[in-house]
Ligand SMILES: Nc1ncnc2c1ncn2[C@@H]1O[C@H](COP(=O)(O)OP(=O)(O)OP(=O)(O)O)[C@@H](O)[C@H]1O
(Lines of atoms letter the chains of each structure in order from A; the text may use other names.)
(Lines give C-alpha, C1' and ligand atoms only; values in the text may rest on other atoms or scores of the structure.)
Protein backbone atom coordinates (compact mmCIF):
# COMPACT_ATOMS: atom_id res chain seq x y z
CA UNK A 1 0.00 0.00 0.00
CA UNK A 2 2.81 2.38 0.94
CA UNK A 3 4.42 1.71 -2.42
CA UNK A 4 1.24 2.69 -4.29
CA UNK A 5 1.05 5.80 -2.17
CA UNK A 6 4.52 6.71 -3.45
CA UNK A 7 3.41 6.04 -7.03
CA UNK A 8 0.45 8.36 -6.43
CA UNK A 9 3.05 10.98 -5.53
CA UNK A 10 4.58 10.56 -8.98
CA UNK A 11 1.12 10.97 -10.57
CA UNK A 12 0.47 14.11 -8.56
CA UNK A 13 3.57 15.70 -10.03
CA UNK A 14 1.53 15.85 -13.25
CA UNK A 15 -1.27 17.69 -11.47
CA UNK A 16 -2.23 19.87 -14.42
CA UNK A 17 -2.61 16.93 -16.84
CA UNK A 18 -4.41 14.86 -14.22
CA UNK A 19 -6.94 17.64 -13.51
CA UNK A 20 -7.47 18.33 -17.23
CA UNK A 21 -7.96 14.65 -18.02
CA UNK A 22 -10.50 14.28 -15.21
CA UNK A 23 -12.27 17.45 -16.32
CA UNK A 24 -12.47 16.34 -19.97
CA UNK A 25 -13.34 12.78 -18.91
CA UNK A 26 -16.26 14.18 -16.94
CA UNK A 27 -17.37 16.36 -19.87
CA UNK A 28 -17.08 13.40 -22.27
CA UNK A 29 -19.07 11.21 -19.87
CA UNK A 30 -21.78 13.79 -19.34
CA UNK A 31 -22.10 14.62 -23.04
CA UNK A 32 -22.41 10.90 -23.81
CA UNK A 33 -25.25 10.59 -21.29
CA UNK A 34 -26.80 13.85 -22.54
CA UNK A 35 -26.49 12.78 -26.15
CA UNK A 36 -28.27 9.49 -25.63
CA UNK A 37 -30.88 11.16 -23.43
CA UNK A 38 -31.53 13.71 -26.20
CA UNK A 39 -31.74 10.88 -28.76
CA UNK A 40 -34.27 9.03 -26.65
CA UNK A 41 -36.30 12.18 -26.17
CA UNK A 42 -36.04 13.02 -29.90
CA UNK A 43 -37.31 9.57 -30.94
CA UNK A 44 -40.27 9.88 -28.57
CA UNK A 45 -41.07 13.44 -29.67
CA UNK A 46 -40.82 12.48 -33.34
CA UNK A 47 -43.53 9.86 -32.78
CA UNK A 48 -45.83 12.60 -31.58
CA UNK A 49 -46.99 15.55 -33.65
CA UNK A 50 -44.16 17.81 -32.71
CA UNK A 51 -43.55 21.14 -34.47
CA UNK A 52 -40.67 20.91 -36.97
CA UNK A 53 -38.65 23.66 -35.27
CA UNK A 54 -38.50 21.61 -32.05
CA UNK A 55 -37.21 18.60 -33.94
CA UNK A 56 -34.65 20.70 -35.86
CA UNK A 57 -33.45 22.23 -32.61
CA UNK A 58 -33.18 18.79 -31.04
CA UNK A 59 -31.21 17.42 -34.00
CA UNK A 60 -28.88 20.42 -33.82
CA UNK A 61 -28.34 19.81 -30.09
CA UNK A 62 -27.55 16.16 -30.78
CA UNK A 63 -25.07 17.14 -33.50
CA UNK A 64 -23.33 19.71 -31.28
CA UNK A 65 -23.30 17.13 -28.48
CA UNK A 66 -21.55 14.61 -30.75
CA UNK A 67 -18.82 17.09 -31.61
CA UNK A 68 -18.43 18.04 -27.99
CA UNK A 69 -18.23 14.41 -26.97
CA UNK A 70 -15.62 13.56 -29.63
CA UNK A 71 -13.55 16.63 -28.72
CA UNK A 72 -13.64 16.07 -24.99
CA UNK A 73 -12.92 12.33 -25.39
CA UNK A 74 -9.86 13.23 -27.47
CA UNK A 75 -8.70 15.79 -24.89
CA UNK A 76 -9.31 13.32 -22.05
CA UNK A 77 -7.25 10.62 -23.80
CA UNK A 78 -4.54 13.13 -24.64
CA UNK A 79 -4.10 14.49 -21.11
CA UNK A 80 -4.55 11.17 -19.30
CA UNK A 81 -1.98 9.45 -21.51
CA UNK A 82 0.39 12.37 -21.32
CA UNK A 83 0.17 12.29 -17.53
CA UNK A 84 0.72 8.53 -17.55
CA UNK A 85 3.65 8.41 -19.93
CA UNK A 86 5.53 11.32 -18.42
CA UNK A 87 4.94 9.73 -15.02
CA UNK A 88 6.38 6.45 -16.34
CA UNK A 89 9.43 8.24 -17.67
CA UNK A 90 9.96 9.92 -14.25
CA UNK A 91 9.59 6.53 -12.60
CA UNK A 92 12.15 4.94 -14.90
CA UNK A 93 14.67 7.70 -14.20
CA UNK A 94 13.97 7.48 -10.46
CA UNK A 95 14.48 3.72 -10.32
CA UNK A 96 17.49 3.82 -12.59
CA UNK A 97 19.15 6.44 -10.35
CA UNK A 98 18.36 4.43 -7.23
CA UNK A 99 19.66 1.24 -8.83
CA UNK A 100 22.79 2.97 -10.04
CA UNK A 101 23.61 4.26 -6.57
CA UNK A 102 23.28 0.72 -5.21
CA UNK A 103 25.43 -0.91 -7.87
CA UNK A 104 27.20 -3.22 -7.76
CA UNK A 105 26.73 -4.42 -4.17
CA UNK A 106 22.97 -4.79 -3.91
CA UNK A 107 22.34 -5.58 -7.53
CA UNK A 108 24.48 -8.67 -7.25
CA UNK A 109 21.56 -10.30 -5.42
CA UNK A 110 19.32 -10.03 -8.45
CA UNK A 111 19.71 -11.87 -11.69
CA UNK A 112 20.03 -9.53 -14.66
CA UNK A 113 16.88 -10.83 -16.40
CA UNK A 114 14.89 -10.26 -13.22
CA UNK A 115 16.19 -6.70 -12.94
CA UNK A 116 15.32 -6.07 -16.57
CA UNK A 117 11.79 -7.39 -16.01
CA UNK A 118 11.43 -5.07 -13.04
CA UNK A 119 12.74 -1.88 -14.58
CA UNK A 120 10.95 -2.44 -17.91
CA UNK A 121 7.92 -4.66 -17.25
CA UNK A 122 6.96 -3.58 -13.75
CA UNK A 123 7.37 0.11 -14.52
CA UNK A 124 5.25 -0.41 -17.62
CA UNK A 125 2.57 -2.20 -15.60
CA UNK A 126 2.20 0.94 -13.51
CA UNK A 127 0.75 2.79 -16.50
CA UNK A 128 -2.52 1.05 -15.56
CA UNK A 129 -2.46 2.50 -12.08
CA UNK A 130 -3.72 5.90 -13.19
CA UNK A 131 -5.61 4.84 -16.31
CA UNK A 132 -7.45 1.88 -14.79
CA UNK A 133 -7.27 2.27 -11.03
CA UNK A 134 -7.29 5.93 -10.01
CA UNK A 135 -9.15 7.52 -12.88
CA UNK A 136 -12.26 5.28 -13.53
CA UNK A 137 -13.85 5.55 -10.03
CA UNK A 138 -13.54 9.36 -10.09
CA UNK A 139 -15.27 9.64 -13.47
CA UNK A 140 -17.82 6.99 -12.57
CA UNK A 141 -18.88 8.66 -9.31
CA UNK A 142 -19.01 12.21 -10.72
CA UNK A 143 -20.96 11.22 -13.86
CA UNK A 144 -23.36 9.01 -11.86
CA UNK A 145 -24.02 11.66 -9.21
CA UNK A 146 -24.70 14.36 -11.83
CA UNK A 147 -26.99 12.06 -13.84
CA UNK A 148 -28.87 10.85 -10.78
CA UNK A 149 -29.40 14.49 -9.78
CA UNK A 150 -30.87 15.23 -13.25
CA UNK A 151 -33.07 12.10 -13.20
CA UNK A 152 -34.40 13.25 -9.82
CA UNK A 153 -36.51 15.83 -11.71
CA UNK A 154 -38.41 13.00 -13.44
CA UNK A 155 -38.62 9.98 -11.18
CA UNK A 156 -37.40 9.18 -7.68
CA UNK A 157 -37.91 5.45 -8.34
CA UNK A 158 -35.46 5.54 -11.28
CA UNK A 159 -33.03 7.53 -9.07
CA UNK A 160 -33.15 4.71 -6.52
CA UNK A 161 -32.57 2.10 -9.23
CA UNK A 162 -29.59 3.99 -10.65
CA UNK A 163 -28.13 4.44 -7.16
CA UNK A 164 -28.50 0.70 -6.54
CA UNK A 165 -26.88 0.07 -9.95
CA UNK A 166 -23.97 2.35 -9.04
CA UNK A 167 -23.40 0.54 -5.73
CA UNK A 168 -23.72 -2.87 -7.37
CA UNK A 169 -21.60 -2.43 -10.50
CA UNK A 170 -19.22 0.19 -9.10
CA UNK A 171 -18.53 -1.18 -5.64
CA UNK A 172 -20.18 -4.44 -4.57
CA UNK A 173 -19.33 -6.60 -7.59
CA UNK A 174 -15.74 -5.19 -7.91
CA UNK A 175 -15.25 -5.82 -4.16
CA UNK A 176 -16.39 -9.41 -4.65
CA UNK A 177 -13.96 -9.74 -7.60
CA UNK A 178 -11.21 -8.28 -5.45
CA UNK A 179 -11.85 -10.90 -2.78
CA UNK A 180 -11.79 -13.67 -5.39
CA UNK A 181 -8.63 -12.20 -6.91
CA UNK A 182 -6.89 -12.20 -3.51
CA UNK A 183 -7.90 -15.81 -2.88
CA UNK A 184 -6.71 -17.16 -6.22
CA UNK A 185 -3.69 -14.85 -6.42
CA UNK A 186 -1.83 -13.76 -9.53
CA UNK A 187 1.78 -14.47 -10.33
CA UNK A 188 1.96 -12.92 -13.75
CA UNK A 189 4.72 -10.51 -12.68
CA UNK A 190 6.83 -13.33 -11.23
CA UNK A 191 6.24 -15.56 -14.26
CA UNK A 192 7.28 -12.77 -16.59
CA UNK A 193 10.35 -12.09 -14.50
CA UNK A 194 11.28 -15.78 -14.54
CA UNK A 195 10.93 -15.90 -18.31
CA UNK A 196 13.02 -12.77 -18.72
CA UNK A 197 15.75 -14.29 -16.50
CA UNK A 198 15.79 -17.48 -18.57
CA UNK A 199 15.94 -15.54 -21.86
CA UNK A 200 18.80 -13.34 -20.64
CA UNK A 201 20.78 -16.36 -19.48
CA UNK A 202 20.08 -18.14 -22.75
CA UNK A 203 21.30 -15.15 -24.76
CA UNK A 204 24.38 -14.51 -22.63
CA UNK A 205 25.43 -18.13 -22.45
CA UNK A 206 24.41 -19.20 -25.97
CA UNK A 207 27.94 -19.98 -27.14
CA UNK A 208 28.88 -22.02 -24.06
CA UNK A 209 25.54 -23.85 -24.10
CA UNK A 210 26.10 -24.77 -27.73
CA UNK A 211 29.68 -25.90 -27.23
CA UNK A 212 28.76 -28.03 -24.22
CA UNK A 213 25.64 -29.45 -25.95
CA UNK A 214 23.31 -28.05 -23.30
CA UNK A 215 21.28 -25.91 -25.65
CA UNK A 216 18.37 -28.37 -25.86
CA UNK A 217 18.12 -28.61 -22.08
CA UNK A 218 18.11 -24.83 -21.74
CA UNK A 219 15.59 -24.53 -24.59
CA UNK A 220 13.22 -26.77 -22.64
CA UNK A 221 13.61 -24.63 -19.51
CA UNK A 222 12.96 -21.54 -21.60
CA UNK A 223 9.88 -23.14 -23.12
CA UNK A 224 8.57 -24.11 -19.69
CA UNK A 225 9.04 -20.55 -18.46
CA UNK A 226 7.35 -19.16 -21.54
CA UNK A 227 4.41 -21.60 -21.29
CA UNK A 228 3.92 -20.80 -17.61
CA UNK A 229 3.81 -17.09 -18.47
CA UNK A 230 1.37 -17.61 -21.34
CA UNK A 231 -0.86 -19.76 -19.11
CA UNK A 232 -0.91 -17.07 -16.45
CA UNK A 233 -1.71 -14.46 -19.09
CA UNK A 234 -4.60 -16.60 -20.31
CA UNK A 235 -5.88 -17.04 -16.76
CA UNK A 236 -5.70 -13.30 -16.20
CA UNK A 237 -7.41 -12.60 -19.55
CA UNK A 238 -10.24 -15.04 -18.81
CA UNK A 239 -10.72 -13.48 -15.40
CA UNK A 240 -10.81 -10.02 -16.96
CA UNK A 241 -13.45 -11.00 -19.53
CA UNK A 242 -15.52 -12.88 -16.94
CA UNK A 243 -15.51 -9.90 -14.59
CA UNK A 244 -16.54 -7.55 -17.36
CA UNK A 245 -19.34 -9.87 -18.48
CA UNK A 246 -20.80 -10.19 -14.98
CA UNK A 247 -20.66 -6.43 -14.48
CA UNK A 248 -22.24 -5.71 -17.87
CA UNK A 249 -25.00 -8.25 -17.27
CA UNK A 250 -25.80 -6.60 -13.92
CA UNK A 251 -25.85 -3.17 -15.60
CA UNK A 252 -28.25 -4.46 -18.27
CA UNK A 253 -30.52 -5.90 -15.60
CA UNK A 254 -30.68 -2.51 -13.92
CA UNK A 255 -31.51 -0.88 -17.28
CA UNK A 256 -34.30 -3.46 -17.75
CA UNK A 257 -35.53 -2.57 -14.29
CA UNK A 258 -35.47 1.12 -15.27
CA UNK A 259 -37.54 0.28 -18.36
CA UNK A 260 -40.00 -1.81 -16.36
CA UNK A 261 -40.31 0.80 -13.61
CA UNK A 262 -40.63 3.61 -16.18
CA UNK A 263 -43.33 1.63 -18.00
CA UNK A 264 -45.25 1.17 -14.77
CA UNK A 265 -44.90 4.87 -13.92
CA UNK A 266 -46.14 5.89 -17.40
CA UNK A 267 -49.06 3.43 -17.15
CA UNK A 268 -49.98 4.81 -13.74
CA UNK A 269 -49.66 8.42 -15.04
CA UNK A 270 -46.81 9.23 -12.71
CA UNK A 271 -44.40 9.92 -15.62
CA UNK A 272 -44.92 11.50 -19.02
CA UNK A 273 -44.36 8.73 -21.62
CA UNK A 274 -42.16 11.01 -23.72
CA UNK A 275 -39.39 10.69 -21.11
CA UNK A 276 -39.34 6.90 -20.90
CA UNK A 277 -36.96 6.27 -23.81
CA UNK A 278 -34.75 9.11 -22.52
CA UNK A 279 -34.42 7.50 -19.09
CA UNK A 280 -33.65 4.06 -20.53
CA UNK A 281 -31.04 5.48 -22.93
CA UNK A 282 -29.46 7.42 -20.06
CA UNK A 283 -29.29 4.31 -17.95
CA UNK A 284 -27.65 2.28 -20.74
CA UNK A 285 -25.00 4.96 -21.33
CA UNK A 286 -24.45 5.63 -17.67
CA UNK A 287 -23.43 2.06 -16.90
CA UNK A 288 -20.68 2.23 -19.51
CA UNK A 289 -18.84 4.19 -16.83
CA UNK A 290 -19.07 1.46 -14.25
CA UNK A 291 -17.95 -1.36 -16.59
CA UNK A 292 -14.23 -0.49 -16.18
CA UNK A 293 -14.68 -1.08 -12.45
CA UNK A 294 -14.94 -4.81 -13.26
CA UNK A 295 -11.21 -4.91 -13.97
CA UNK A 296 -10.32 -2.51 -11.17
CA UNK A 297 -9.29 -5.30 -8.71
CA UNK A 298 -7.07 -6.97 -11.32
CA UNK A 299 -5.23 -3.78 -12.16
CA UNK A 300 -5.09 -2.63 -8.56
CA UNK A 301 -3.44 -5.85 -7.47
CA UNK A 302 -1.14 -5.88 -10.49
CA UNK A 303 -0.05 -2.29 -9.80
CA UNK A 304 0.50 -3.09 -6.14
CA UNK A 305 2.65 -6.12 -6.98
CA UNK A 306 4.64 -4.20 -9.59
CA UNK A 307 5.26 -1.30 -7.17
CA UNK A 308 6.31 -3.69 -4.40
CA UNK A 309 8.71 -5.53 -6.68
CA UNK A 310 10.27 -2.26 -7.80
CA UNK A 311 10.67 -0.83 -4.32
CA UNK A 312 11.99 -4.13 -2.99
CA UNK A 313 15.09 -3.62 -5.15
CA UNK A 314 15.79 -0.02 -4.34
CA UNK A 315 14.46 0.42 -0.82
CA UNK A 316 16.56 -2.05 1.11
CA UNK A 317 19.12 -0.72 3.53
CA UNK A 318 22.13 -2.78 2.56
CA UNK A 319 24.76 -3.92 4.95
CA UNK A 320 27.84 -1.98 3.98
CA UNK A 321 25.83 0.09 1.47
CA UNK A 322 27.61 3.29 0.67
CA UNK A 323 25.68 6.32 1.82
CA UNK A 324 27.95 9.35 1.56
CA UNK A 325 27.51 11.67 4.52
CA UNK A 326 29.20 14.76 3.19
CA UNK A 327 29.62 14.54 -0.52
CA UNK A 328 31.41 17.84 -0.94
CA UNK A 329 34.88 16.53 -0.10
CA UNK A 330 37.52 16.03 -2.75
CA UNK A 331 41.26 15.69 -2.92
CA UNK A 332 43.76 17.60 -5.03
CA UNK A 333 46.62 15.98 -6.97
CA UNK A 334 47.85 12.47 -6.25
CA UNK A 335 46.27 11.11 -3.04
CA UNK A 336 47.73 8.92 -0.33
CA UNK A 337 45.83 5.72 0.45
CA UNK A 338 45.36 4.36 3.93
CA UNK A 339 43.49 1.31 5.18
CA UNK A 340 42.89 0.91 8.91
CA UNK A 341 41.85 -2.57 10.10
CA UNK A 342 39.66 -3.15 7.09
CA UNK A 343 37.59 -6.32 6.88
CA UNK A 344 35.05 -7.21 4.23
CA UNK A 345 32.60 -10.05 3.72
CA UNK A 346 30.55 -10.27 0.54
CA UNK A 347 26.77 -10.31 0.99
CA UNK A 348 25.45 -13.81 1.72
CA UNK A 349 29.01 -15.09 2.26
CA UNK A 350 30.27 -16.25 5.62
CA UNK A 351 33.97 -16.19 4.77
CA UNK A 352 35.82 -12.89 4.99
CA UNK A 353 37.33 -11.79 1.67
CA UNK A 354 39.52 -9.30 3.60
CA UNK A 355 40.58 -9.71 7.18
CA UNK A 356 41.86 -6.81 9.27
CA UNK A 357 43.95 -5.21 6.54
CA UNK A 358 46.00 -2.11 7.38
CA UNK A 359 48.36 -0.32 5.02
CA UNK A 360 49.62 3.12 4.04
CA UNK A 361 50.55 4.10 0.49
CA UNK A 362 52.10 7.60 0.32
CA UNK A 363 50.94 10.09 -2.32
CA UNK A 364 52.76 9.50 -5.60
CA UNK A 365 53.93 6.01 -4.62
CA UNK A 366 53.82 2.98 -6.91
CA UNK A 367 52.52 -0.18 -5.26
CA UNK A 368 52.03 -3.71 -6.53
CA UNK A 369 49.71 -6.15 -4.83
CA UNK A 370 50.55 -9.80 -5.41
CA UNK A 371 49.31 -13.08 -4.02
CA UNK A 372 47.61 -16.32 -4.98
CA UNK A 373 44.22 -16.43 -6.66
CA UNK A 374 41.37 -15.68 -4.27
CA UNK A 375 43.63 -13.94 -1.74
CA UNK A 376 41.53 -10.75 -1.82
CA UNK A 377 43.54 -8.50 -4.15
CA UNK A 378 40.62 -7.45 -6.37
CA UNK A 379 38.39 -7.00 -3.35
CA UNK A 380 40.92 -4.60 -1.84
CA UNK A 381 40.95 -2.54 -5.03
CA UNK A 382 37.16 -2.53 -5.23
CA UNK A 383 36.94 -1.24 -1.65
CA UNK A 384 39.33 1.61 -2.46
CA UNK A 385 37.10 2.37 -5.45
CA UNK A 386 34.11 2.36 -3.09
CA UNK A 387 32.38 -0.27 -5.21
CA UNK A 388 31.73 -2.03 -1.90
CA UNK A 389 31.86 -0.59 1.58
CA UNK A 390 34.09 -2.20 4.19
CA UNK A 391 32.27 -4.26 6.80
CA UNK A 392 34.76 -3.06 9.40
CA UNK A 393 37.52 -0.45 9.47
CA UNK A 394 38.05 2.65 7.39
CA UNK A 395 39.70 3.52 4.07
CA UNK A 396 41.11 7.01 3.51
CA UNK A 397 42.06 8.75 0.29
CA UNK A 398 44.24 11.74 1.07
CA UNK A 399 42.92 11.56 4.64
CA UNK A 400 39.25 11.60 3.56
CA UNK A 401 37.18 8.48 4.35
CA UNK A 402 36.10 7.03 0.97
CA UNK A 403 32.58 6.49 2.34
CA UNK A 404 32.28 10.25 2.57
CA UNK A 405 33.35 10.82 -1.01
CA UNK A 406 30.75 11.04 -3.68
CA UNK A 407 31.19 7.95 -5.87
CA UNK A 408 31.10 9.92 -9.12
CA UNK A 409 33.75 12.34 -7.91
CA UNK A 410 35.94 9.45 -6.80
CA UNK A 411 35.65 7.61 -10.10
CA UNK A 412 36.19 10.79 -12.08
CA UNK A 413 39.57 11.17 -10.40
CA UNK A 414 40.70 7.59 -10.92
CA UNK A 415 42.18 5.77 -13.92
CA UNK A 416 40.77 2.29 -13.64
CA UNK A 417 41.47 -0.99 -15.38
CA UNK A 418 39.45 -3.89 -13.97
CA UNK A 419 39.77 -7.59 -14.73
CA UNK A 420 36.64 -7.58 -16.87
CA UNK A 421 36.61 -4.47 -19.01
CA UNK A 422 33.40 -3.80 -20.84
CA UNK A 423 33.39 -2.41 -24.34
CA UNK A 424 30.39 -1.04 -26.16
CA UNK A 425 29.16 -1.22 -29.72
CA UNK A 426 30.74 1.82 -31.39
CA UNK A 427 34.13 3.07 -32.54
CA UNK A 428 37.46 2.79 -30.75
CA UNK A 429 37.17 6.52 -30.00
CA UNK A 430 33.71 6.03 -28.44
CA UNK A 431 35.14 3.27 -26.30
CA UNK A 432 37.91 5.44 -24.96
CA UNK A 433 34.99 7.09 -23.09
CA UNK A 434 36.65 10.44 -23.09
CA UNK A 435 35.43 12.71 -20.32
CA UNK A 436 36.18 15.84 -22.36
CA UNK A 437 37.74 16.98 -25.61
CA UNK A 438 41.16 17.51 -24.06
CA UNK A 439 42.86 15.08 -26.46
CA UNK A 440 43.44 15.74 -30.14
CA UNK A 441 43.00 12.88 -32.60
CA UNK A 442 46.78 12.67 -33.09
CA UNK A 443 47.33 12.39 -29.35
CA UNK A 444 44.72 9.64 -29.06
CA UNK A 445 46.29 7.80 -31.96
CA UNK A 446 49.63 8.11 -30.14
CA UNK A 447 48.09 6.60 -26.99
CA UNK A 448 46.89 3.64 -29.08
CA UNK A 449 50.41 3.23 -30.47
CA UNK A 450 51.88 3.50 -26.94
CA UNK A 451 49.66 0.67 -25.68
CA UNK A 452 50.94 -1.42 -28.59
CA UNK A 453 47.83 -1.06 -30.74
CA UNK A 454 49.44 0.89 -33.61
CA UNK A 455 47.27 -0.71 -36.28
CA UNK A 456 44.05 0.45 -34.62
CA UNK A 457 42.44 3.62 -35.84
CA UNK A 458 40.03 5.73 -33.83
CA UNK A 459 37.21 5.05 -36.26
CA UNK A 460 37.57 1.26 -36.17
CA UNK A 461 34.38 -0.51 -35.18
CA UNK A 462 34.07 -2.32 -31.86
CA UNK A 463 31.34 -4.97 -31.62
CA UNK A 464 29.07 -5.48 -28.62
CA UNK A 465 31.08 -6.47 -25.51
CA UNK A 466 34.25 -6.00 -27.60
CA UNK A 467 33.65 -9.37 -29.24
CA UNK A 468 35.84 -8.58 -32.25
CA UNK A 469 38.85 -7.88 -29.99
CA UNK A 470 41.23 -10.45 -28.56
CA UNK A 471 41.67 -10.66 -24.78
CA UNK A 472 45.04 -8.91 -25.02
CA UNK A 473 43.67 -6.20 -27.31
CA UNK A 474 40.85 -5.58 -24.85
CA UNK A 475 43.39 -5.15 -22.05
CA UNK A 476 45.49 -2.74 -24.08
CA UNK A 477 42.40 -0.76 -25.06
CA UNK A 478 41.40 -0.63 -21.39
CA UNK A 479 44.88 0.68 -20.60
CA UNK A 480 44.48 3.32 -23.34
CA UNK A 481 41.15 4.27 -21.76
CA UNK A 482 42.84 4.68 -18.37
CA UNK A 483 45.61 6.81 -19.86
CA UNK A 484 43.07 8.99 -21.72
CA UNK A 485 41.28 9.61 -18.43
CA UNK A 486 44.34 11.53 -17.25
CA UNK A 487 43.70 11.39 -13.48
CA UNK A 488 46.28 11.20 -10.73
CA UNK A 489 45.19 7.93 -9.09
CA UNK A 490 45.68 4.66 -10.96
CA UNK A 491 43.97 1.46 -9.83
CA UNK A 492 44.81 -1.42 -12.13
CA UNK A 493 43.66 -5.01 -11.65
CA UNK A 494 45.85 -7.40 -13.61
CA UNK A 495 46.08 -5.05 -16.61
CA UNK A 496 48.52 -7.27 -18.49
CA UNK A 497 47.43 -10.82 -17.63
CA UNK A 498 46.63 -11.72 -21.25
CA UNK A 499 49.74 -10.15 -22.75
CA UNK A 500 53.02 -11.71 -23.79
CA UNK A 501 56.11 -10.79 -21.75
CA UNK A 502 57.45 -8.36 -24.35
CA UNK A 503 54.20 -6.37 -24.59
CA UNK A 504 53.79 -6.54 -20.80
CA UNK A 505 57.21 -4.96 -20.34
CA UNK A 506 56.31 -2.15 -22.80
CA UNK A 507 53.09 -1.48 -20.91
CA UNK A 508 54.81 -1.35 -17.52
CA UNK A 509 57.39 1.08 -18.94
CA UNK A 510 54.54 3.14 -20.32
CA UNK A 511 52.77 3.10 -16.97
CA UNK A 512 55.88 4.39 -15.18
CA UNK A 513 56.34 7.09 -17.82
CA UNK A 514 52.69 8.22 -17.94
CA UNK A 515 51.98 8.04 -14.22
CA UNK A 516 54.89 10.35 -13.24
CA UNK A 517 54.06 11.67 -9.76
CA UNK A 518 50.67 9.93 -9.62
CA UNK A 519 49.67 7.32 -7.05
CA UNK A 520 49.57 3.86 -8.63
CA UNK A 521 48.22 0.58 -7.28
CA UNK A 522 48.56 -2.37 -9.60
CA UNK A 523 47.52 -5.95 -8.98
CA UNK A 524 49.79 -8.40 -10.67
CA UNK A 525 49.60 -12.15 -10.92
CA UNK A 526 53.12 -12.29 -12.31
CA UNK A 527 56.10 -11.37 -10.22
CA UNK A 528 58.14 -9.98 -13.10
CA UNK A 529 58.50 -6.24 -13.76
CA UNK A 530 58.27 -5.42 -10.05
CA UNK A 531 61.84 -4.20 -9.52
CA UNK A 532 60.93 -0.59 -10.29
CA UNK A 533 57.90 -0.60 -7.96
CA UNK A 534 58.24 1.32 -4.64
CA UNK A 535 56.35 -1.17 -2.54
CA UNK A 536 55.08 -4.72 -2.97
CA UNK A 537 52.23 -5.98 -0.81
CA UNK A 538 51.85 -9.74 -0.58
CA UNK A 539 48.40 -11.08 0.27
CA UNK A 540 47.14 -14.50 1.23
CA UNK A 541 43.68 -15.53 2.44
CA UNK A 542 42.45 -11.98 2.81
CA UNK A 543 45.45 -10.80 4.86
CA UNK A 544 48.66 -8.94 4.18
CA UNK A 545 51.44 -11.41 4.85
CA UNK A 546 54.41 -9.33 3.72
CA UNK A 547 55.34 -5.95 2.32
CA UNK A 548 58.47 -4.11 1.19
CA UNK A 549 60.53 -3.32 -1.89
CA UNK A 550 61.45 -6.04 -4.33
CA UNK A 551 64.98 -6.22 -2.93
CA UNK A 552 63.80 -6.29 0.70
CA UNK A 553 61.34 -9.10 0.01
CA UNK A 554 63.86 -11.14 -1.92
CA UNK A 555 66.47 -10.68 0.79
CA UNK A 556 63.92 -11.52 3.49
CA UNK A 557 63.45 -14.94 1.84
CA UNK A 558 59.84 -15.09 3.02
CA UNK A 559 56.55 -15.69 1.24
CA UNK A 560 57.32 -13.50 -1.79
CA UNK A 561 60.75 -15.07 -2.21
CA UNK A 562 59.17 -18.55 -2.25
CA UNK A 563 56.54 -17.45 -4.76
CA UNK A 564 59.30 -16.04 -6.94
CA UNK A 565 61.26 -19.29 -6.72
CA UNK A 566 58.17 -21.29 -7.77
CA UNK A 567 57.53 -18.91 -10.67
CA UNK A 568 61.14 -19.18 -11.82
CA UNK A 569 60.96 -22.99 -11.70
CA UNK A 570 57.75 -23.02 -13.70
CA UNK A 571 59.23 -20.67 -16.30
CA UNK A 572 62.39 -22.78 -16.57
CA UNK A 573 60.35 -25.92 -17.20
CA UNK A 574 57.94 -24.28 -19.57
N1 LIG B 1 31.17 -10.98 -5.99
C2 LIG B 1 31.56 -11.85 -5.06
N3 LIG B 1 30.66 -12.45 -4.27
C4 LIG B 1 31.03 -13.30 -3.32
N5 LIG B 1 32.31 -13.64 -3.07
C6 LIG B 1 33.25 -13.09 -3.83
C7 LIG B 1 32.93 -12.16 -4.87
N8 LIG B 1 34.07 -11.76 -5.46
C9 LIG B 1 35.06 -12.41 -4.83
N10 LIG B 1 34.58 -13.21 -3.85
C11 LIG B 1 35.36 -14.03 -2.92
O12 LIG B 1 36.26 -13.18 -2.24
C13 LIG B 1 37.52 -13.79 -2.13
C14 LIG B 1 38.60 -12.86 -2.68
O15 LIG B 1 38.36 -12.70 -4.07
P16 LIG B 1 39.21 -11.71 -4.96
O17 LIG B 1 38.58 -11.63 -6.29
O18 LIG B 1 39.44 -10.46 -4.22
O19 LIG B 1 40.61 -12.49 -5.08
P20 LIG B 1 41.85 -12.17 -5.98
O21 LIG B 1 43.04 -12.27 -5.11
O22 LIG B 1 41.67 -10.91 -6.72
O23 LIG B 1 41.78 -13.42 -6.99
P24 LIG B 1 42.26 -13.50 -8.51
O25 LIG B 1 43.76 -13.34 -8.53
O26 LIG B 1 41.87 -14.90 -8.92
O27 LIG B 1 41.54 -12.45 -9.25
C28 LIG B 1 37.43 -15.13 -2.86
O29 LIG B 1 37.27 -16.14 -1.89
C30 LIG B 1 36.18 -15.02 -3.70
O31 LIG B 1 35.52 -16.26 -3.76
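Glycine residues also receive a Cβ, built from the backbone N, Cα and C atoms like all the rest.
Per TrEMBL, the stretch carrying the note transmembrane segment among 273-300, 301-328, 329-356, 357-384 is 273-300. TrEMBL tags one of the stretches 199-221, 222-244, 245-267 as transmembrane segment, and that stretch is 245-267. The highest tally of CB pairs under 8 A with the transmembrane segment (273-300), across 18-38, 50-68, 133-153, 159-178, is held by 159-178.
Summarised as a single figure, the pLDDT of the domain 'ABC transporter' (337-566) averages 89. In this chain, the transmembrane segment (50-68) lies out of contact with the transmembrane segment (133-153); the count of Cβ pairs under 8 Å, excluding pairs fewer than 6 apart in sequence, is fewer than 3. Outside the transmembrane segment (50-68) by six or more residues, the chain places 27, 31, 34-35, 38-39, 41-42 with a CB less than 8 A from a CB of the stretch.
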